[in-house]
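Q: Mind having a look at this structure? Questions to follow.
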Amino acid sequence: MPSGGSRRARPVRSEFGLIRRLQARAAKPDRQVALGIGDDTAVIKTSSTEWTLITTDLLAEGVHFDLATSSYEDIGYRAAIANLSDIAAMGGTPRFMLVSIAIPSTCSTTEIHQLYRGMMQASAPYRVCLVGGDTSASKHGLFLSITLTGVVRPGRALLRSGAKVGDRLYVTGTLGDSRAGLDLLSSRRRRTLPAAHARFLLARHHRPSARIAEGQWLVKQGLAGAAIDLSDGLTGDLRHICEDSDVGAEILGGSLPISAACQAYAAAYRLSPQEIALQGGEDYELLFTVPAGQQARFERLVKKTPFHCTCIGTITPKRSGLRLRTEQGTTSPLPLTSYEHFRRPS
Ligand code: ADP
Ligand code: MG
């Protein structure tokens, strides 16, 4: 078909399918690129003592946040955490930040300052330095994009591709809180949940943590095979580890760490806490693997830290796929229910 012909443009149907195709387009291999498209950050061999990590995340109004339920400060905070969490997933130390914003006419200078206050609050504990960005007007809502660099010791970054059959799967913190918090915001459910639980879940949604110290500790111990941060939900992010490591996985449903608040939320609204934990996005916890032979040592070492890590399953051969084992011992395929852009409602 000649250019300028009437061929109908095909809509994008799969975020991850598109990324895979973009990966094939990536620039010619560069000797300095240790890792390009496909992991939580790119890894660049910048010196013999330190490699640089680079990540970027875009937040779009109406897709990632709703100004009716989130303050500008909270939006800025979450945007920074999304990037910090990718550095955490590689076991790195965050360094420099660039911020680009497209501002609609409805947005005031004060609100933009609030957005930045949130970003700075999230990144201040790591002494991240804001070094640049870009500013534009927007005709369709607020857009916020952060690019963050970090550093890691050469060859030590935690990758999605390092899982081996038999490895134990671990997760930090608790799962599903952010999703439960989001549900509370978008419904009137908050009123019937004890106030302390509601506050906890809303805080976990608006002010999540990036597990930087945990990621750095995992690198230092040298015990983690693969790692990813949980931004899209456990099932989806586990799938990335499995695809990139060429393995399968079995999750023990009864072992998923679920907070008392999330349990109470699920009980109050007759939802399955396990489903919320499996599907809930934006927990920003770390999912990582530990070789079975190192499990006892890992458990001993982690007890000496303030970190909360739970074994939630095992890496299996690829042919077994991703499975969920119930407490009664039955297994079933793990449904792909995590967040993906462009997916049509079924
Ligand atoms: P995360 O959820 O950890 O931020 P993503 O799923 O967004 O990771 O991205 C996975 C990989 O694809 C990353 O390496 C990211 O840099 C890359 N990627 C995502 N979108 C694009 C794009 N439009 N062009 C090039 N690379 C992209
Ligand atoms: Mg990530």
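Even glycines carry a Cβ here, placed using N, Cα and C.
Quick paste from TrEMBL:
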| type | residues | note |
| --- | --- | --- |
| BINDING | Asp40, Asp86, Asp229 | Mg(2+) 3 binding site |
| BINDING | Asp40, Thr55, Asp86 | Mg(2+) 4 binding site |
| BINDING | Thr56, Asp57, Asp134 | Mg(2+) 1 binding site |
| BINDING | Asp57, Asp86 | Mg(2+) 2 binding site |
| BINDING | His64, Glu282, Tyr339 | substrate binding site |
| BINDING | Tyr116, Gly133, Asp134, Arg160, Ser231 | ATP binding site |
| BINDING | Asp232 | Mg(2+) 5 binding site |
| DOMAIN | 38-152 | domain 'PurM-like N-terminal' |
| DOMAIN | 164-319 | domain 'PurM-like C-terminal' |
| REGION | 325-346 | region 'Disordered' |
Q: For a quick check of packing: other C-beta atoms within 10 Å of the C-beta of Thr56 (Mg(2+) 1 binding site), how many?
A: 15
Q: Are any of the binding-site residues Asp40, Asp86, Tyr116, Arg160, Asp229, Ser231 near ligand 2, with a Cβ under 6 Å from it, and if so which?
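A: So the answer is Asp40, Asp86, Asp229, Ser231.
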Q: Show which residues of the chain containing Gly133 (ATP binding site), separated from it by at least 6 in sequence, have their CB under 8 Å from its CB.
A: Leu98, Val99, Ser100, Ile101
Q: Helix, strand or coil for Tyr116 (ATP binding site)? Use DSSP.
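A: DSSP call for Tyr116 (ATP binding site): helix.
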Q: Can you list which of these binding-site residues (Asp86, Arg160, Ser231) have a Cβ closer than 6 Å to ligand 1?
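A: Asp86, Ser231, in sequence order.
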Q: Which binding-site residues from the set His64, Arg160, Ser231 come within 10 angstroms of Asp86 (Mg(2+) 3 binding site), judged by C-alpha positions?
A: Ser231
Q: Let me check the 10 A CB neighbour count of His64 (substrate binding site). How many other CB atoms are there?
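A: Other Cβ atoms within 10 Å of His64 (substrate binding site): 19.
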Q: Return the average pLDDT for the domain 'PurM-like C-terminal' (164-319) as a whole number.
A: 95
Q: I'd like the Cβ neighbour count for the residue listed as 'Mg(2+) 5 binding site', meaning other Cβ atoms within 10 Å of its Cβ, all protein chains included.
A: 23
Q: For Mg(2+) 1, what surrounds Thr56, Asp57, Asp134 with a Cβ no more than 8 Å from their Cβ centroid?
A: Leu58, Leu98, Val99, Ser100, Ser145, Ile146, Thr147
